[in-house]
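> As annotated in Swiss-Prot:
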{"type": "BINDING", "residues": "Asp264, Asp275, Glu438", "note": "Mn(2+) 2 binding site"}
{"type": "BINDING", "residues": "Asp275, Glu398, Glu438", "note": "Mn(2+) 1 binding site"}
Amino acid sequence: MDESVDRVLAGKYPAKAHAKRVAARIRELGYGESGVIYLEGQKTQMIEDNDGSMPFRQRRNFFYLSGCPLPDSYLTYNIEEDHLTLFIPPIDEDSVIWSGLPLSPDEALEMYDVDAVLLTTDVNTSLAHFCSVKKGKKVFALADQVSPHITFLPFQETDFDVLKRAAEESRVVKDTYEIALLRRANEISTKAHVAVIKAARSAANERELEAIFIATCMSYGCREQSYHPIFASGTNAATLHYQNNNEDLVDKTTGEKRLNMLVDAGGEYRTYCADITRVVPLSGKFSAESRQIYDIVLDMQMTSLAMIRAGVMWEDVHSNSHRVAIRGLLKLGILRGTEEELFDKGISVAFFPHGVGHYLGMDTHDTGGNPNYEDENPKFKYLRLRGTLACGAVVTVEPGIYFCRFIIDPYLASPELGKYIDTNVLERYWNVGGVRIEDNVVVTQNGHDNLTAAPKIPEEIEKLVAATQ
């Protein structure tokens, strides 16, 4: 593990700096110089028709301004006085029997980057006190995240609109501490990907490799997964977000081992996510067709990475990936025509239907990307990030090529579009399923910092697979 990451993470999560950043964004948007930011953490939720609680996931905007993972907590930030207060639950004697003593206010003050820690029973009193001192200013909150017992009546004005935008836009550019968390999530996830690659040849089922990935993440400190892992063997990899992860690696219809395993998985470290995809040849060596597609996708990714720097239009990176895909598929004979004609007609969307990447942070598809899912251009419809890249933003770079009959068949059936695809050549590639290669990178002023060290050079992957029986 990187010791420089340990040194950064030895300090407190910079909640106070984040609160200032959100308040500054509120001012920039024209909503005033003062007031109170109010946020609630996620509530403990019970499983329906059961006395057990749901797995807990802290609200991301609350964590951003508090660094606190505790359920049923609250916070206020007095913008004018630059004062951040965390409210944590009081002792519940019944709960102590089962769960032990909770964190005390003094312990929480020592642990989190806040100015004061009170109990949740003090929230309304604290809000009323602010109004009495400040003659009832404005409160900024999220409309669907205010508990029924909380009252804003003493305030002259309640704004339920700007806080969400201000927080989500503030989260786009990461500070040093956040990048250290993302780097550690990538370090651990890389270890898990390597463990999967080494076990791929001997595994019998997708779930075995998923279990190895999760266990490795857990052992190094990622107690949660960033998202439901994707372990897609053979043609299952043609489904972008395959979820089953439970099929045998030997195809029951042919009796032969499937060609590849697409692994899209990342551990979550202290609320921050890794999102990494690799493709592994299950036999230890890529088939000729698999290697051809892999090389195209790797070229798509490497040329995309070379373009990344502050100020670059993400749409340009995405468009370039389509052009690289078109050139590669033309060379293989899968596509027919000219590069310009195929690009203008959107033929590459049949094989590369998703965006080249998205923001990454506390959410896998992190905030601030401003996607346009109503875009009439199919190349951009599922691009989750639009506009220029900011220095300090973290993005995924994840081009792919897929052989999904559900997506490709309508193109083949179209008299206008089908002529651009050679079905005889295409027939050789269906069993490849899909190839996606995904790294996580920090945008810098003159380039990028790739956080992902998992092997992606095909010879390196083959060597790791083949070395383990």
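Every residue, even glycine, has its Cβ placed from backbone N, Cα and C.
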> Which chain neighbours of the Mn(2+) 2 site, leaving out Asp264, Asp275, Glu438, have a Cβ atom within 8 Å of the mean position of the site's Cβ atoms?
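Apart from Asp264, Asp275, Glu438, the close residues are Ile230, Ala265, Gly266, Ile276, Thr277, Thr396, Glu398, Arg436.
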> I need the most crowded of these binding-site residues: Asp275, Glu398, Glu438. Count other C-beta atoms within 10 angstroms of each C-beta and give me the top one.
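That would be Asp275, with the highest Cβ count within 10 Å.
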> Between Asp264 (Mn(2+) 2 binding site) and Glu398 (Mn(2+) 1 binding site), what is the CA-CA distance rounded to a whole number of Å?
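Cα-Cα distance, Asp264 (Mn(2+) 2 binding site) to Glu398 (Mn(2+) 1 binding site): 10 Å.
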> Can you list the residues of the same chain, besides Asp275, Glu398, Glu438, whose Cβ falls within 8 Å of the Mn(2+) 1 site's Cβ centroid?
Asp264, Ile276, Thr277, Gly357, Thr396, Val397, Arg436, Asp439, Asn440
> Within 10 Å of the Cβ of Asp264 (Mn(2+) 2 binding site), how many other Cβ atoms can you find? Include all protein chains, please.
23
> If you measure Glu398 (Mn(2+) 1 binding site) to Glu438 (Mn(2+) 2 binding site) at Cα, how many Å is it?
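Between the alpha carbons of Glu398 (Mn(2+) 1 binding site) and Glu438 (Mn(2+) 2 binding site) there are 4 Å.
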